[in-house]
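Please read the structure below before turning to the comments.
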């Protein structure tokens, strides 16, 4: 295997930028939603739960197409955002981040929800008898105790985002330097007659990133158990 | 003065309790399953009565007919749970300081020293709850509740999870606390414990108050 070419570097760095952006923006929403699903009973909860998981079971090309219809230049939301706030998703790296964020959202939310459910509600009660308002209970007891789960969810979401292909290529296409991530670069390379070596290098890099993320996620989960036992 | 007049249906179990207490230490006495914990959970605001009134020093905390329910964090009622419930991610010092921070009170190092001396926990401040014995944990929980400056302290079988030797270890601290003059509601199924601590007894049986009065009702 020879050296990584500038074009490959561009794809790798773009993938990282897209996945980091997707994870950072999705995390606050993920925490809020995980808390709602873990701690509140409300009308339509099972529908919301299903909706969060939808990208996991829907064909990615369908999600991508729906994104195009909604956030495309002439889409209902996309047109409004472009005209009023100057935010354009279509065929931009930000669109790739949006697609990756939505596709990885179920994987992000699940560990956070589980770790919030594992927080002892009796500790939250103790906190409220000591004078903590509900948001203070969340900020000083629930969230710190669920933190390893939050990190695990972020790592898992990041790993999913960096490998996302179907929804991204449908929504923002495969433009080198703008929307061509590692996955779409590999796709282009294996279509070309002499792309095997380059594709092999990128495949190796995606395996390393994915393995690293899984190991990190496992490590955070183990820390969570330790934290809850107060040692 | 504490006034309680509530009803609550919990599955098959119905709780109907009414009493007034002027005493410094009100002993809530009854076998397990008599409804003691449900009753103090309602005083703390952690559970809402189906019907009735709870008032403390003239302030209405619950009045179902008027739709009043003061949330637990606004009641300034301290609660020492049977299982201590210290925050595992905070050390002892941070646990003790928690109520002050939540209520945005000024730091009061004199008060902190006084309470840690009273309970002999000054040497534990840097430890995590996971590294404390059962008796130490219970003393820290007491200190934590006291330092939030409550106007009433609820204690739910604070010695319940301890063996005989440990009980003897904590009891003197509770007597000291009573002599400090902070009003308490002390829940126990142990008559001997209440004879040492309580100034007034509310006896509870199957969710009903069966006797009210001085410690002599504990015969």
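Glycine is treated like the rest: Cβ placed from N, Cα and C.
Checking the ranges A:12-38, A:174-200 against TrEMBL, the transmembrane segment annotation falls on A:12-38. Count of Cβ pairs under 8 Å against the transmembrane segment (A:12-38): among A:50-69, A:89-109, A:130-156, the largest is for A:89-109.
Proximity of distant same-chain residues to the transmembrane segment (A:130-156), defined by a Cβ-Cβ separation under 8 Å and at least 6 residues beyond the stretch ends, is recorded for 23, 27, 30-31, 34-35, 104, 107-112, 114-116, 118-119, 123-124, 213-214, 216-218, 220-221, 223-224, 227-228.
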